Amino acid sequence: MLTRTICRRNLTLRAPSSTFTRAWGATTRLPIWTVEGSEAGPRARPMHTKPAYQGHIPLNWFENTLLAAGSAIMSLVDPRRGDMIAALGETTAGPSLSRLRDLMLESPEGRMILRERPRVNSETINMDELASYPEGSFGRAYVTWLERCGVTPDTREPVHYIDDPELAYVMQRYRECHDFYHCICNLPVNVESELALKYFEFANLGLPMTAIAALFGPLRLSEKRRSRLFSEYVPWALKCGGTAHSLITVYWERRWEQNVEDIKKELGIWDPPEARWSRPLIEAKALAERRRQASLSRSPSD
Amino acid sequence: MQRLHSNIVRLPRVCRPAIARCNHTQASPQRNTLESEKKTTSFGYKTVPEDMKESLVRNVFDSVASRYDLMNDVTSMGVHRLWKDSFVSSLKPGKKGPLKCIDVAGGTGDIALRILDHAKDNYYDRETTVDVVDINAQMLKEGFKRFKLTMYHNTPQIAFHEANAQDLGSEKFSDNSYDLYTIAFGIRNCTSIPDVLKEAYRVLKPGGTFACLEFSKIENPVLSTLYDTYSFSAIPILGSIFAGDRESYQYLVESIRKFPPQPEFAQMIRDAGFSTGPNVDGGAWADMWGGIASVHKGVKL
């Protein structure tokens, strides 16, 4: 408890509601619009909110509900709208992010993450360096996974709609670690694997967004894939996710050299049923080898 | 300084102007005179150098062009159609013979189409022509596409031109050449409204009408509060949902607030040389829906 009090930072920036006057003197809940300066320039916003971090867009309850509903519909209609899926996650997060942050505070690794706030993107992840790690290490496994799926650790949509900067970081961390979860659970990026991972994340982290995706995502699957999802993957996901350590507390970037099997044993994760990969392992390894040769030939000139 | 998220182009971050506002007194006297010479204007609630506003507005409309009509329907819940119908009906194009009309900032062709339809349906007039002028090529492209679905495509009745409302150019738009000048929901995006009015006066024939449909001030405080809440709460969110672009709609909503109120705008119209009705609602202007939109008219004598 003492540790928790020391580490918790109170970062809410709302002014108390009694300090601003209303047009007709009574305490009503109607926002009074004002133009005030901020780092992003003047904006009309309700008097009691200010942006708490770069990219923060404060929303009142009405706007939050509207955006939650709108983004839910839009995500179903056009699943390629990454910004809408992100918005849905943020507007429906509720108390789940506080719970995750508290979980992080309870573990030494989680506390380190909150203190250092590492980011995962193409700049902070050095693919060539990771490829040089020994076979069986997490770093190597991650690069192999990226190559097998044909994805990069690109920048995910930044968080806009969470008011507390620390909780906004927790949300961002969850979003950026999604690929690590793919890797450690040995799942590719096709639709049924993504849904299996969403069930896993729901059991492990408890974010409402994962539940929404898990409930409505399967509607887009063919009958055969849906039955495979529910008969094989979902039982694995719920059992494994429910019993494993909370993955939000794992400091992945400090475990590159660690053996993957050791990590899985430590966290309590076992492999799902065999999935459908877009590229065979041999091909991915060949690509990795080629890239290693290219970087070696490049480095003398650097 | 543009950020690209997949294929959605965002509004470029405005470089904070290095210009002090007139109430800053810390600058040295030399710097003060230099700064006061650089003119600034409003871009929504931001203050930007005048020469920047045009490109910023162009970026806004490049980004909203493809969904412009959809967003109009969503944000006004379809009411903009009623306003535009009422606007064009009050002008009665074609009643006194074929007209040569110019529709400025008319990109997607809403007003132009209504003018031509009104003349055709009510007065059997197929000689009225409309020149649609817009500073933004993307918006004109959308308008051209829309007109392909009508009977006016490839006829002399409709033409599209890319030009700046503040300086139409005397080669293409000669003096005293048009009977009717319309500008709907466009004038608030222009950098200098007096310049637009001056050009309007120039290209209109004596006896020609200037008509402007624009968002305006609401007198009723209850309606005004509701409208503000809807504008600032709902519209940017609808923009981010349907068009993936919150900032452009934030700009659009703020630019409405920065537009001069009805009496002031009516005076600006008179200053440009037009004759208007008396300076009251129903005279120089006619409010719609309590002042959410307003039609200003003037005649060149």
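All positions are counted from 1 along the displayed chain.
Just so you know, glycine gets a Cβ as well, placed from its N, Cα and C.
Pulled from TrEMBL, these are the features on record:
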| type | residues | note |
| --- | --- | --- |
| BINDING | A:His178, A:Asp179, A:His182, A:Glu194 | Zn(2+) binding site |
Inset, instruction - Can you see whether DSSP assigns A:Glu194 (Zn(2+) binding site) to helix, strand or coil? - result: helix
Inset, instruction - Determine, for the Zn(2+) site, the additional residues of the same chain whose CB lies within 8 Å of the mean position of the CB atoms of A:His178, A:Asp179, A:His182, A:Glu194; present them in sequence order. - result: A:Phe180, A:Tyr181, A:Leu187, A:Val189, A:Leu197
Inset, instruction - Take the Cβ of A:Glu194 (Zn(2+) binding site) and count every other Cβ within 10 Å, whichever protein chain it belongs to. - result: 16
Legend entry - Other CB atoms within 10 A, centred on A:Asp179 (Zn(2+) binding site): 22
Inset, instruction - Any same-chain residues 6+ apart from A:His182 (Zn(2+) binding site) with CB under 8 Å of its CB? Would you list them in sequence order, or say none? - result: A:Trp145, A:Cys149, A:Pro188, A:Val189, A:Ser193, A:Leu197
Inset, instruction - Let me know how many other Cβ atoms fall within 10 Å of the Cβ of A:His178 (Zn(2+) binding site). - result: 17
